[in-house]
Amino acid sequence: MKIVLLGPPGAGKGTQAKSISNRYSIPHISTGDIFRKNISENTPLGMEARSYMDKGLLVPDEVTINMVKDRLQEEDCLSGYLLDGFPRTVAQAEALNEFLENRNEQLDTALLIDVPSEFILDRMTGRRVCTSCGGSFHIKFNPPTIDGKCNLCGSDIVQRKDDTVETVKERIDVYDKQTQPLIEFYKSKNLLSMVDGTKAIDQVFEDICKLLGEQ
């Protein structure tokens, strides 16, 4: 089973990816992990990527695509895989499509965990973390017993910079602009599947399993 996982920041992709990987015994492949591995091992592609990153530049599609292609040819991918964070653009999706066609393979589905922007804002801006022990809370869904204090150690809990309204809105905006063409691309290929990401974690996973059973 070959799956591309799509969804906005705060949609719970990481949680669902882990569950899918465990249930179907396929590797969860994230572009972040691929980049870190190539860079830490000083592979030719890793060194090329680092040369761009050190200058504060975006790594070209060609480098990212070749890293992903190399990863998909490893032995643990023979029975399938779950791609998380790739493709990010239509050009990358087309490159993946071509790679699969050349191997007489095909993608089973592009799975979109759909969550409205207002819900993401509520979910992400309400997160709080303890300054001492790292305990996590949510002012709406998992509030501390004493306002502003950690249940575990009594230290202050704070909002991370990544979780401010301005930052979250910016991330959602970037996602929308980047991913909408990708969603249309997979729709046109009849490969797009959608689940409602506002449901409880277990219910979202149950819906995903039902969808994957239809592939």
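Including glycine, each Cβ sits where the backbone N, Cα and C put it.
For the ATP site, Swiss-Prot records GLY10, ALA11, GLY12, LYS13, GLY14, THR15, SER136, PHE137, LYS199, and the single candidate of ARG23, ARG127 listed with them is ARG127. Residues 30-59 are the range that Swiss-Prot records as region 'NMP', among 30-59, 90-119. A sphere of 10 angstroms centred on the C-beta of GLY10 (ATP binding site) encloses 22 other C-beta atoms. The CA atom of ARG160 (AMP binding site) is located 12 Å away from the CA atom of PHE137 (ATP binding site). Rounded to the nearest whole angstrom, the C-alpha distance between THR31 (AMP binding site) and GLY12 (ATP binding site) is 17. Looking only at the region 'NMP' (30-59), the predicted model's pLDDT averages out at 93.
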